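Taken from TrEMBL as is:
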COMPBIAS  1-17  compositional bias 'Basic and acidic residues'
COMPBIAS  30-39  compositional bias 'Low complexity'
REGION    1-39  region 'Disordered'
TRANSMEM  112-135  transmembrane segment
TRANSMEM  155-182  transmembrane segment
TRANSMEM  203-222  transmembrane segment
TRANSMEM  228-253  transmembrane segment
TRANSMEM  326-344  transmembrane segment
TRANSMEM  364-384  transmembrane segment
TRANSMEM  405-425  transmembrane segment
TRANSMEM  445-467  transmembrane segment
TRANSMEM  488-513  transmembrane segment
TRANSMEM  533-555  transmembrane segment
């Protein structure tokens, strides 16, 4: 019903937009009615329906991915490097597919239907992996000693790969659309966001942290102590319920009709409904692109009308400039992800060799150690808004305390200290193994507390508060309105490329550090030199920090002029030639 209503409103809108004989007063009245209808939709009341989908996606992926290194090494009996590379490649694919999902959403399908279809595909993948975990025929015989183990067969691995592929495709439609679809329910103009006492992206990330917390405690415990069938089946059920909730809330949603014609090249329409919060003004950067908006004699047809298939408007040209402008900042996240892509897998293997007992009867599952990063995020985000922002505002005068670029830079810096902590703690772990003559016993428990890993988890969580949230907010704020799903996809594309680069880096380290004294051995981590790998990663992150600071120093924010109710015709131009927003430059 809501979709039929939206279609009818869209037909009426086009009727008024293209009929020159319509009374201007009636046309203005119709536009005011549309604005009132849009104002009645969206808002906070839509968040339970929208965020339920993303929370369950994070709940499923966190419970699935956090402990998957255990499933691959302990259940499917894969070597450490092969298992870690498999997870990194899967994570990379899951982060690459959002580009496809964003393209579909911004081009023709819209964010709502993209989320619905992608969620169905995701659930299908979760059902497949749950069946694979429940059936003994789809896994090799157990190998408790971790010596001379029989690896999973090709058939068993292909079932796993099929499930990973389906979840990756589903993720591609969910990740770039949910956060932007949720943000679309609010007025995200600069004047409105500055007047709010809360930051949407902080609270979005807070909700994701709650989902991760539940997964890392409840789901990981079930996987380690009950069964993998139930441990994967519960997130699958939760994902199915979230899809039902999301569809149920459809009549309340504010759905944008904007589409990125810039990407498709299929529609060369005038810029009459592509921006609601403001118009991009002409900039002198990348001036060679301005030629696309200049009308020459060959661009005029016999009726003295411009050939829209051959031209772009000033606003469209500025959209492309905006996307090009943010790419160097975006690229800085790639090396950061590459450096950190395998750390979670290695840390879980470290935790497995350490004393995890809280009492004589209970010990912490290795994958649950990630809870300390999650707890840091959950406690840090409210403190960031209530303490850090007011304090920073006194020194900077900025409404948000620091800019998105400054926030990201702080995160890059903290990440350097996080990997330094990882290297120092691994050196201490191996020293304890040597002192107790356990270097050649890969399954033995080293008498050193697993809580020595907490500092690096804390620092990684703190870095995520600054870097990840700042990066997502930067891409949303600095991208054109009609391409915000694409901008959100860029966030995940950086993660994808970083994961693939991380796989290459780990493979090269494993290959060229020799069989004796290999930094990343297949079975016995005690005989490896994981601390050397961490020091190498630290050096890469220092180089990346220098690169980021350089790019941020020269970055120019997108030139935008906000539209108020009193605005009528906003004019843009360059080089002394005024151009109305719906006009082209005539030369």
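Cβ atoms here come from the backbone N, Cα and C positions, even for glycine.
Contact between the transmembrane segment (405-425) and the transmembrane segment (112-135) is absent: fewer than three CB pairs lie under 8 Å, with pairs separated by 6 or more positions in sequence. Counted over residue pairs separated by six or more positions, the transmembrane segment (155-182) shares fewer than 3 Cβ pairs under 8 angstroms with the transmembrane segment (326-344), which leaves the two as not touching.
Here the transmembrane segment (112-135) has long-range neighbours at 53, 57, 60, 64, 71, 75, 101, 104-105, 156, 159-160, 162-174, 177-178, 181, 227-229, 231-233, 235-236, 239-240, 242-243, 246-247, 250, 253, 255, 485, meaning same-chain residues at least 6 beyond its ends whose C-beta is under 8 angstroms from one of its own. Within the chain, the transmembrane segment (203-222) has long-range Cβ neighbours (under 8 A, six or more residues past its boundaries) at 51, 54-56, 58-60, 62-63, 66-67, 179, 182, 230-231, 234-235, 365, 367-368, 370-371, 374-375, 377-378, 381-382, 465, 468-469, 472. Take the transmembrane segment (445-467) and the stretches 326-344, 364-384, 488-513, 533-555: counting Cβ pairs under 8 Å, 364-384 has the most.
Long-range Cβ contacts of the transmembrane segment (326-344) within its own chain (Cβ-Cβ under 8 Å, at least 6 residues beyond either end) map to 66, 69, 84, 88, 91-92, 370, 405, 408, 412, 415, 419, 422, 460, 467, 471, 474-475, 478-479, 487, 490-491, 494-495, 497-499, 501-503, 505-506, 537, 540-541, 543-544, 547-548, 551-552, 555.
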